[in-house]
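Heads up, the thing below is written out as C-alpha cells.
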Amino acid sequence: MGAVPLKNNKPVEAGVRTVTVLGATGSIGDSTMDLLRGAPGRYRVEALTANSNVEALVKLAREFAARFVAVADPARFGELKDALAGSGIECGVGESAIIEAASRPADWLMAAVSGAAGLKPALAAVDRGTTIALANKECLVCAGDFFMQRAAKAGACILPADSEHNALFQALSSGNRDELTRVIITASGGPFRTWAAADIEKATLAQALKHPNWSMGRKITIDSASMMNKGLEVIEAACLFTLTPDEIDVLVHPQSIVHGMVEFSDRSVVAQLGTPDMRTPIAHCLGWPERIVGPAAKLDLASIGQLTFEAPDFTRFPALRLAYDALRTGNGATTVYNAANEIAVAAFIGEKIRFGAIARLVEATMNGWVRAGNLAPLASADDAIAIDHNARNMAASLLPQIAAKAT
C-alpha cells in the first residue's frame, strides 16, 4: 500500500499536535478549521495559506494564532502585511511562500490547495515525512506514481481526505492487501442521473450546479454532474491503493450514504457509511490513528428508509469511461485528462461550449496527445506540470472546433 497505512498501527502522539492547512479558506479548508475550532487545546496551528482571500485568511490567522501565513496572489500581499502588522505573525507571498508553509515543522498537514499549484507544496511536505491529509486531486491524477513513491521513500504518511477514498481507507483496515479483490466507489449520479442524453447535452450552468446531496465548490459540482469527478476518483484510488483499473468499480448510489466498499477474497464486503458531510472524512484524518468527536449529523437509517444502487451509464456519462481509458494508457494520460477537463469546464462556465461538449473536448485532447507521440513516464513534478501546461494549450486550441460541432 506504500505511503497509505493499511493498519492503524501508528503510535498515538502525546501532547498538542501542530498542524498546517494549505488552502485554509476554501471549502475543504473551512471544514478543517471548523474541526480545529471544535477541539481547543488539542492542536496548534503552525501555518495557513490561501490563494487570494486575504480577509478570511487574516481572521483565521488571528483566531488560531498561526505562526506563518501565505497568500498566493502577489496583488494581495500588501493587504495581508498591513492587516497583520504588529501581530508577530510572519507573512509570505507566492508559490515559494506556499512551499515554505508546507515545509515548516508540523505533525499533520491538510493539502487542500486546488489545481496543479498544489503539487509542489504537497511534495515539500512529503519530503519532511509529514502526515498529510490529501485533498488535492492533482497530486495523484497528474503525478500519482511519482508522488506516492516519493512519499514512501520519505516516510510520509498519506491519509485520503476525500470521502470516497477515506471510506476505502477505513474499510481496507478489515483485511490485508493480498486479500482484496476489488473496491467499489459510490457516486450520487449528480443532478442528471435520470436525464436523457439529449437533455444532458444542452444542460445549463444553473442546472449543473444543483447537486442533490453535497454542498461543494462550483468546479467540483460541475464535475459531479458530468461524472468527471468520479473518473478522477477512480484514478486517485488506483494511485493511493496500488489498484488496477479492473479492481475498481463505480456504483451509482443516489442517497450518498455508502461512500465506499471493499470486497475481499472470501467475498465479504466491508462498507463505510455516513451522512454526506466532508467534515467526517477530514475528522478521521485529523484524529488518526485515534478518532475525534465529529460535528456531522448522526446517521439515521430508519428515517432514510432505503438505500438504492445502480450501474453507471458510460454512454450518457462518457467522462467516466475516459478515466478508465486514461488509467490504462498511463504515461501522463491522466494528467491530460484532468488538464483538458479544467479547460472544458471553464469554457462551459463561460458559455463557450455546451455541457455535452465537456467530455468531447477531453476525449479529443487525449486522442490528440496520443497521436502526437507525447506519452512518457513522469520523473519529476516539473514533468507533470509541463504536461499539464501543454495539455491545457492543446485543449484550448481544440476548443473552437469542438464548440462549432453540432450534435
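Backbone N, Cα and C define each Cβ position, glycine as well.
For the 1-deoxy-D-xylulose 5-phosphate site, Swiss-Prot gives Ser163, Glu164, Ser188, His211, Ser224, Asn229, Lys230, Glu233; the one candidate out of Lys120, Lys137, Lys153 that the record lists there too is Lys137.
According to Swiss-Prot, Thr25, Gly26, Ser27, Ile28, Asn136, Glu138, Gly217 bind NADPH; the candidate from Asn53, Asn166 that the record adds to this site is Asn53. Here NADPH is bound by Thr25, Gly26, Ser27, Ile28, Asn53, Asn136, Glu138, Gly217 per the record. The longest Cα to Cα distance in that group is 22 Å. Listed binding-site residues: Gly26, Gly217; maximum Cβ neighbour count within 10 Å falls on Gly26. In this entry, Lys137, Ser163, Glu164, Ser188, His211, Ser224, Asn229, Lys230, Glu233 make up the residues listed for 1-deoxy-D-xylulose 5-phosphate, with the farthest two CA atoms of the set 20 Å from each other.
In the three-state DSSP assignment, the secondary structure recorded for Ile28 (NADPH binding site) is helix.
Ranking the binding-site residues Thr25, Ser27, Asn136, Asn229 by how many other Cβ atoms lie within 10 angstroms of each Cβ puts Ser27 at the bottom.
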